[in-house]
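Here the structure comes first, spelled out in structure tokens, and everything after it is commentary.
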Amino acid sequence: MKKKRLIIRSVILLVMLLAIGNAFYNHFSAERGIVDEGDIAPNFVLEDLDGNRLELEQLRGKGVYLHFWATYCTYCRQKMQYLRDHYEEYQAKGVEIVAVNVAESQLQVERHLERFDINYGLYLDKDSLVTNAYGVVSLPTAFLIDEDGRVIEREIGAKTEKQVLASLNKLVPGN
Amino acid sequence: MEKVKCDCGHVNPYGTYLCESCGKPLIEDKGTVADMRYEGVARRSQTYSKTIIDKIWNFFSSVKVGIWIIILLLLASALGSLLPQEMYLPRGEQAITYYEEYYGFFGKLFYQLGFHNLYTSWWYLLLIAALGISLVICSLDRVVPLYRALKTQRVTRHEGFLKRQRLIAKTDKLEDAQQEIAKAEKILLAKKYQIRKENGNLLAEKGRFSRWGPYINHVGLIIFLIGAMLRFFPEMYIDDNIWVRDGEVAVIKGTDGEFFLRNNGFTVELYDEDEELYREAMERTGSPAVKSYETAATLLKRSNTGTIGVDTELEEVKDHVIRVNDPLTFEGYSLYQVDYKLNELAEFTFVLEAADEHADQSELADIRFTVDLYDPQTVYEFDNGFRIDILEYFPNFIINDDREPSTMNRIPDNPRLIFAVFTPEMDPEKDTGELSLVGIQVNEPLNGENDYIIRMVDVKMKNVTALTVRKDRTIPILIVGGLIFMVGLVQGSYWHHRRIWLQDRNGEIWVAAHANKNWYGLKKDLQAVAAGSKIPVPTDQKESEEAEQTRKVKEEGVTEDDGRTEQ
């Protein structure tokens, strides 16, 4: 009788605790992105400044550092310079950098490329279609996509050169 | 824990005050009137406290704790309403500066304590959660024993129980006691009492279901709270804003990039300031008043064929004119007209002029070009050999932390352009051209004195509409919770539980009565019984007790009060 009561009480308390805990977790934890760790990265087609098409699926077999950025985002600029400095080294190891500009004009992206001497592909997402499909809400946001097209990490916010290098290392096929 | 066996043979849980069956007081206490709360049953929480689970349970089972939670919630809620919450700050204001700037030290404190987001703070939500737990446990802990006690109550009650009812009286020895009880039964039946009889004794009962009112009320509240809790899940609740420029397409937030909205044109109509009817009101407000505003919108859906990106096709789903209170609805989403921004810069038109006013301007007459501020061209070439390049474009110009010209965002609120002008004699590949920084009210040469001036001659502006994206699947839950709440409230407020015990004790008729509220109605029923039989109207022990007290107070100037109320 007493045991039964204890069990009933424990169950009721547990159920309430779980429900409240779940609601709190949902409210306070960083929201899971539309595309996040473990997902297959949605395929997309974008054009670079010269109108060359890039389809994400064509990069299967390579690690892809998919970087969403804008010219007005200071931390994006820093990251893009780190990426520029190490691009050739990692390209040789089978890592590709895809930098998607979020809804800015061709002119701004072109000037950015010239100003910072960017050596990897800058792609225009004029209508934010890809940006929205990937659930990007703040910049910079990067997706690390492995050689099988699976997202292994979603990175939001500023990163140091060290962190960027660590991310690139993760993307080297076979690592 | 020991169970308590009453003289009548019923076994009561430990802590029982009045025997569940016969009503005999099992715990002696002072005072003439028994405490009838929860029928004198043992609320188990009050008596057991062994494991940690029991201790948590007992904590939340306390009404005192519940009331404190409510008081704290009230105080916190009031506190949060002293200054506007962050979500209600004027557009463009930053919380970090706003509060201090407008409300001084208090504002700064308010912000630093996190009260600018009080209603979503962890401690506020924790209080709400505690209230929910308290509601569940309080109710369970009381309704179960109460239900059992009312179900197992016997007609024949112990003398001690009867004597300590608030309303009690007895007759002298009567020859025809049973006849008198039968008369009373008839009267009570006519008053819609439920009658039960046992050994010549009688229990008349009415409105027992009203005792469940508070608990049904709590069930409604709990459902309501669950509904509110579900708002934390994006599948259940979305509340966001989108801004769409005239003629442009924007994604609808919360739809995972699946739905888009095209703004076919935003229009706003203001009240006519010259009209006599409105003049007085207009002068009072001092600003133009909006009569109506609306967005002609087209809902678009991303087609499932083709890859996202440059090949994406958007299919038109439907057209709708969105007005205040006339939202565009689709698949559980509603888009409401909520705000607008008039005259956002869209295009600049420039001409080129010679700096020297006396110079021949004729060769420049054909140079006129328009810059689309959402997508400017890099190069503008003219038939007469002139060429103008845009070297830099900053839609919302600022000097950034590195002391470089930059843009705050991609909205052309303060656009600046750096132009390079090449005359037919110059080679754009080798020469730098004449540089100038041009914006609204700004035109500065950047490399020495310029021979040519780029002059703005026309500006095109667009309107921007703001829409609220709302999805709320919790509304039905809130409505059901609210309805149940009301049912419980009505049930507990407009019906009253009344009981009358008539007992034949060796020819003496004992009459005792109890109501959980509205004693006046119960007394009237008893007066009706008295009028039709020899059964007397019972005296109110509490009233006589109170009369006694007042007399005492008058004499001695002291008072004793236990301000308890019954549930």
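Every residue number used here counts from 1 along the chain in the order it is shown.
Glycine is treated like the rest: Cβ placed from N, Cα and C.
Owing to the predicted nature of the structure, the values given are computational and were not obtained by experimental measurement.
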Annotated range (TrEMBL: coiled coil) out of B:167-194, B:335-362, B:363-390, B:503-530: B:167-194
Stretch among B:65-83, B:122-144, B:475-495 sharing the most Cβ pairs under 8 Å with the transmembrane segment (B:215-233): B:475-495
Arithmetic mean of per-residue pLDDT over the coiled coil (B:167-194): 89
